[in-house]
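Engineer: Structure incoming, see below.
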Amino acid sequence: MESTGGPYLNVAAVTSPVGIARLLQMTFGCATFSLVAHQGGFSAAYGTFCMFVWTFCFAVTVFIIACEFTRLHSCLSLSWGNFTAAFAMLATLMSVTAAVIYPLYFVQAGCYPIGCQVRDFRIAASVFAGLLFLAYAAEVFLTRAKPGQVTSYMATVSGLLKIVQAFVACIIFGALVNDSQYGKYVATQWCVAVYSFCFVVTVVVVAFSVTGKTALLWFPFERSVVIYTFGAVLLYASAAVIWPVFCFDSKYGSPRRPGLCAKGKCPWDSQLVIAIFTYVNLLLYVLDLAYSQRIRFVSHI
């Protein structure tokens, strides 16, 4: 543990702009899941996901604040700058997803049949969920790398994009397991292999950056990441061509949604979601490749 010769407690951890953003995150997160647990209520997979997001983000935020306030983060085998930047981006994505899902599935204009009190609690929880997203987005804005600044890799645009790429891949996987019929053709199985390979490598890149172990590798990590990103662009480009052809061409699939498909249980819907987010991730990898030519990152800060 480092010896600074100064006070043991780091007051700037809660008084700086980033510290204030984290205090707001903790406050809004606690208010959100407390309102839901007390009267708002939740059910099914969507509600469980929202509660997980709010409690998980709250717990990690409290951990970050406690470590920075007591300076205990210097005892951890982590690249603290990479860890906090990666979590802030992940929490932003998770919280905005929950802020959209919860009111969409649980908030209604009328009181029947849940009662006016439950409705009001759900509306209040939705408001705090939106504020929580804004608080995490503020931290990402405040801690992002500035032009010419030497900073942690995960704070750069390329590093933040890695988190978004992994998050989008999780959406694709969710649609794949929802009766997408990807095993029908070898070509669509290739697309699944592309999604899986890129997701795993992206997670590995993030993991090495967060743990600060990049300097221990026997190969140049920065150059390898750029080469991988270029390969991921090519792989996603192939999936962006193959998946729509084998799902929406009349020879292999259906160009229109079948009329007898049940809402929420239609393979065509899942295939459409996968196609859309395949193009989203392709764009993200292209942007990542473009930005990776302009940065230099430090693994240990």
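Backbone N, Cα and C atoms are what each Cβ position is placed from, and that goes for glycine too.
What TrEMBL records for 13-148, 153-297 is domain 'MARVEL'. The transmembrane segment annotation in TrEMBL covers 44-66, 78-101, 121-142, 154-177, 192-218, 225-246, 272-291.
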Engineer: Do you know the mean pLDDT across the domain 'MARVEL' (13-148)?
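Structural biologist: Summing pLDDT over the domain 'MARVEL' (13-148) and dividing by its length gives 94.
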Engineer: Can you find at least 3 Cβ pairs under 8 Å between the transmembrane segment (272-291) and the transmembrane segment (121-142), where each pair is 6 or more residues apart in sequence?
Structural biologist: no
Engineer: Go through 44-66, 78-101, 121-142, 154-177 and flag the stretch with the largest number of C-beta pairs under 8 Å relative to the transmembrane segment (192-218).
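Structural biologist: When the Cβ pairs under 8 Å are tallied, 154-177 comes out ahead.
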Engineer: Tally the residues of the domain 'MARVEL' (153-297) by DSSP class, grouping H, G and I as helix, E and B as strand, and everything else as coil.
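Structural biologist: Breakdown, helix to coil: 110 helix, 0 strand, 35 coil.
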Engineer: Run through the domain 'MARVEL' (13-148) and tell me, per DSSP, how many residues are helix, strand and coil.
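Structural biologist: Looking at the domain 'MARVEL' (13-148) with DSSP, the answer is 113 helix, 0 strand, 23 coil.
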Engineer: Residues sitting near the transmembrane segment (121-142): Cβ under 8 Å, six or more positions beyond its termini, same chain?
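Structural biologist: Non-local partners: 17-18, 21-22, 24-25, 28-29, 31-32, 35-36, 38-41, 50, 54, 57, 85, 88-89, 91-92, 95-96, 98-99, 102-103, 106-107, 114, 160.
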